[in-house]
Amino acid sequence: MSQPTTLYDKIWNDHLVHEAEDGTCLIYIDRHLVHEVTSPQAFEGLRVAGRKVHAPEKTLAVVDHNVPTTDRSKPNPDPESAEQIAALAQNARDFGIEYYNEFDKRQGIVHVIGPEQGFTLPGTTIVCGDSHTSTHGAFGALAHGIGTSEVEHVLATQTLIQKKAKNMRAVVDGKLPDGVTAKDIILAIIGEIGTAGGTGYVLEYAGEAIRALSMEGRMTVCNMSIEGGARAGLIAPDETAYEFLKGRPKAPKGADWDAALRYWETLRSDDGAHFDHEIRLDAAKLPPIVTWGTSPEDVIAVTGKVPDPAAIEDEAKRLSKERALHYMGLLPGTKITDIRLDRVFIGSCTNGRIEDLRAAAKIAEGRTVNGNVSAMVVPGSGLVKEQAEAEGLDKIFTRAGFEWREPGCSMCLAMNPDKLKPDERCASTSNRNFEGRQGFKGRTHLVSPSMAAAAAIAGHFVDIREWR
């Protein structure tokens, strides 16, 4: 009888090409997603070496990081961004790669469009020159970010050199209370393990609460695996995943679908499989969460108060948290609901999908954005935007005073025109609250879409569970 195996081990073993004596492995890569920021040097390396892209049909390119989310008929105001976008278009033509430019309705954030097109499939290995590639693990794919030199290696060989990670599992049982979402689950997990807690691991999410999530919710959870230090996040595929993928443009069809389904149904951790580390959370006890500092591990219930670092015994950690409070312009003991806001951003590869926009629109409908707040909604892709407009969500947002934008990474990161000004405070549905992440001296609080929408209307954080 074979030894029980984890989901990660199964996918890894299916893609292992060679293992050296020191544990260094060569694994086959099924899918490669490419964007404009981390690919120019990789393509130039191929040119210099006289190499072709090994498997262009397994490579998909899209612009997302640098594209403006306003009127795209006008020239890009940033020459460097415009150059990177033009370079990706040229590289896609030269190397025969499918490419979604900024005028293609299929364009969007790379981690939104992959699943949307059915390019992301269970049991595959997926890489991209972007740390949030872990998003695709929601489908039971082994997906993680790579560096630019590795982008070139995958383009040239369709393989990747790395060492195998350890197995970790986060089990979330129970039922989420009303107003508590997938975003709160992953923030709670990161708060529990810290931003280094998953280092050296691939993190599988399991349990009743995870199973109850939609695919959008599962993508939110897996998206932030890297914020917990993990190389990748995984959720075993099930009927929810199959239903999402069936009929997608790049998903298998007919007999190929039936064959794929038979394989996908084997993709789960066996009973008794060994995990090197495991944590457990009770979903029923989770509150809506807000980050207060400059690390995703700096989490607090919306009903809580900004903590006092003086109670931290470890000097390095205490100094780090004191610096975070100074940067954020907050005092210990401040009620989270007393924190007033300047900006609200709803979007990103964490929370820019149709379910996220519906949740925010439900809060915004019939209400008005606070006069002291500038709020924007940025769909994760052109197809999400199209669906939202078909449902009238854009009208709900614009009537309430939100800006309705074109798809892209937008204010998640300060690499395009959507940026915070110094000392502006933002409630954001994105994934990182680092110093300067959304703009020089910008102050970021991570929250769910419904929490962000409510904060935009109130002008400060509110407990969404009490929203009327």
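Using N, Cα and C of the backbone, Cβ positions are placed for all residues, glycine too.
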[4Fe-4S] cluster site partner of Cys409, Cys412 (as recorded in Swiss-Prot), chosen from Cys222, Cys349: Cys349
DSSP-derived structure type at Cys349 ([4Fe-4S] cluster binding site), helix or strand or else coil: helix
Proximal but sequence-remote residues of the same chain as Cys409 ([4Fe-4S] cluster binding site) (Cβ under 8 Å, at least 6 apart): Asp64, His65, Val67, Ile109, Ser348, Cys349, Met415, Asn416
